[in-house]
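So the structure is just underneath, and the comments pick up after that.
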Amino acid sequence: MELEEKPTYGEPRKYDSSFKGPIQNRSCTDIVCCILFVIAILGYFAVGVLAWSQGDPRKVIYPTDSRGQFCGQAGTPLEKKRFLFYFNIMKCASPMVLLEFQCPTTQMCVEKCPDKFMTLAKAYYNGKDFDYYKTFCKEGATNSMGIPEILKQGLCPAMLTPSKPFTQRCFPALGLKGGLITVGNNSHFDDGSGKMRDAKDLVDGVKNATVVMEARQVVMKIFEDYTKSWYWILIGLVIAMLTSLLFIILLRFLAGIMVWVMIVMVILVIGYGIFHCYMEYAALKGEAGANVTLQEIGFQTDFTVYLQIRQTWLAFMIILAIVEVIIILLLIFLRKRILIAIALIKEASRTIGHVMCSLFYPLFTFLLLAIVIAYWAVTAIFLSTSNEPIYKVFNETMCDHSRKTCEPANYSASPEKAQCPDSECLFAFYGGETAYHKYLIGLQFYNVFLFFWCANFVTALGQMTLAGAFASHYWAFNKPDDVPAFPVFSSLGRSLRYHTGTLAFGSLILSIVQIIRVLLEYLDHKLKGAHNKCTKFLLCCLKCCFWCLEKFVKFINRNAYIMTAIYGKNFCTSARDAFFLLMRNMIRVAVLDKVTDFLLFLGKLLIVGLVGIFAFFFFSGRVEAFENTAPHLHYYWVPILTVVVGSYLIAHGFFSVYAMCVDTLFLCFLEDLERNDGSAERPYLMPENLRKILNKKNKTEPAE
């Protein structure tokens, strides 16, 4: 007698005549984790209340002068003085700024930034100029004092340079003249000793800041482009939303045709991209400077320069050609599996058609995520601004008291000032010595961790809710008559009432993995430039491993939530059952499920491609009909990129419902094959077209 071999991955599901879909008579699961999650949420609220009582968001909104006062704050003497002026901005290039985030120079609030070049030595002998100059000096500076005395006490800067405000701070206004960097319109200045010097001396000191200034100009141009094109961007996103909705509706009635149209359209869109890149590549042939390589041109802040180089369009053409070949090869080798995937998508379309409110559930998830993100951001701001102002001794010469704390009120008469005459007591940063300030970093960590936990919980709630609604449709014997009324709301109620602990358990595991990834990134950033190649390799391996682990945990969680929504079991049991079910059908999972994901990805790619092409022709002015309508921009790729990214997120939101529906139906489909055999007593519940593709049929069906 031969022994029956026991299945490697658990026992297949047995037929149960009483099983009619998601079990109604269920009990609470993972209660311990539910209690832990509730306690953590209450602690999160306590941290928020504590941060709001201690924090001061004005420290983020307003720049702070050397005394820790806020520039431009309403109801204070500095209300009209909105801008922060640096006595010697060149000291901001000191490496100490990166460590202490504070320039070692006097800073004061002013009504407007200086708009002319002037030295103290020159302004001192002209009453009108000195009155203007004193607006950038501390109180107490008078023309009865000598220039050396004013400079010794640090009442005024040695010179003023034309500046422009940026983020309410005055930065030198650099310009180009004859290919050289200049400051304002001046070529010479008086250094205070009566000797005229070439402005090149000042320019040499400013050159180190040119990269920062170029970056500032790029940011300002991008911001200006957004102000000119924001309403057109919104129109593009609305078009993406309507296109996604139309695509979903068409899938409901023409799933098979739409999938094949989608495949052909994606191939055509990418093919057109290859053709367009070739035409641009050919058009630049013989153009002066077009044959320069990307390596030779280096980094340029004006990105349109790259579009004038042939190598750029050649790179685009090669990338698109590789993507095109990969897609075509996948379609050729997976053509049989695509038929089954199309059948699944048809069933998903039919299911969503009977549960239409599921299409709008992502809006509820988005609202909850917006609340979680807003709470985390506000709490983080209040925590980071809940410190007290700390003042330190700053000086230019050697001093034993350098970088030590001090009191600005009586510093002029302090022993530190007597020992270091050229030192100043300036605002350094916000800190504190109380127990609250000592554990502030721990509170910030708790804020980040709870943010991950709550965000993952909201996502998990959406997955379980949709899974319960779609499973109730699949297991209904007579569709849609046996489908319960309001399946989404019923599933949401079951998930919150019975399985909050399960949702918290799964999201907790995922949050722990994500916080470890954040810590690894933080550690890598802190040790950058200090660790050797072995340490760098080890960190890289750890980051790669935890990235893979996060993907695996998300996969397990998603399928565990589906099994919990159907059978009402705890997280560990559901995860085990889902994993064993998938392993017993490994080939189907590896091919069929991923083919379906690939087809849905092509749908998202099609929507993004169509909207992106429309945005390209509109904002680039390539079409004469749009030439007068489109805004004139510095970088037309800014709104195009924004529309493309936004379109993908919108399409992903709609297709995420489809993806969850397909995953749920896929697990139900696998269980259907194990539970039933097609007999009159155990008929298959899968749709007829899927049965034909799999050569399965119920015995009650007439023979062909």
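Here the Cβ of each residue, glycine as well, is placed from N, Cα and C on the backbone.
Annotation source TrEMBL lists transmembrane segment at 29-52 (among others). Cβ atoms under 8 Å from those of the transmembrane segment (29-52) belong to residues 375, 378-379, 382-383, 386, 436, 443, 446-447, 450, 453-454, 457, 498-502, 504-505, 508, 564, 568-571 of the same chain, restricted to positions at least 6 beyond its ends.
Annotation comment: TrEMBL describes 230-251 (among others) as transmembrane segment.
If you look up TrEMBL, you'll see 257-275 (among others) marked as transmembrane segment.
Remote same-chain partners of the transmembrane segment (313-334), defined as residues 6 or more beyond its termini with a Cβ less than 8 Å from a stretch Cβ, comprise 263, 266-267, 270-271, 273-274, 277-278, 280-281, 284, 294, 307, 591, 595, 598, 602. Taken from TrEMBL, the feature transmembrane segment covers 313-334 (among others).
What TrEMBL records for 359-383 (among others) is transmembrane segment.
Panel annotation: around the transmembrane segment (448-476), residues 19-22, 37, 40-41, 43-44, 47, 347-348, 351, 354-355, 358, 361-362, 364-365, 368-369, 372-373, 376, 380, 482-484, 487-488, 490-492, 494-496, 499, 502-504, 506-508, 510-511, 514-515, 518, 557-558, 561-562, 564-566, 657, 660-661, 663-665, 668-669, 672, 685 of the same chain, lying at least six beyond its termini, place a Cβ under 8 Å from a Cβ of the stretch. According to TrEMBL, the transmembrane segment annotation covers 448-476 (among others).
The transmembrane segment feature in TrEMBL is assigned to 496-520 (among others). Listed as Cβ neighbours of the transmembrane segment (496-520) (distance under 8 Å, sequence separation of 6 or more from its ends, same chain) are residues 26-37, 448-449, 452-453, 456-457, 459-461, 464, 539, 542-543, 546-547, 549-550, 553-554, 557, 560-561, 564-565, 568, 570-571, 574-575.
Same-chain residues lying 6+ beyond the ends of the transmembrane segment (598-621) with a Cβ under 8 Å from its Cβ atoms: 229, 232, 236, 239-240, 243-244, 247, 259, 262-263, 265-266, 269-270, 272-273, 327, 330, 338, 341-342, 345, 627, 629-631, 633, 636, 639-640, 643-644, 647-648, 651-652, 655, 658-659, 662. The feature transmembrane segment is assigned by TrEMBL to 598-621 (among others).
Annotation source TrEMBL lists transmembrane segment at 633-651 (among others). Within its own chain, the transmembrane segment (633-651) is flanked in space by residues 221-222, 224-226, 228-229, 232-233, 236-237, 240-241, 244, 303-304, 603-604, 607-608, 611-612, 615-616, 619-621, which lie at least six positions past its ends and keep a Cβ under 8 Å from the stretch.
Using a Cβ-Cβ cut-off under 8 Å and counting only residues 6 or more beyond its ends in the same chain, the transmembrane segment (257-275) has close neighbours at 247, 250-251, 316-317, 320-321, 323-324, 327-328, 331, 338, 342, 345, 599, 602-603, 605-606, 609-610, 613.
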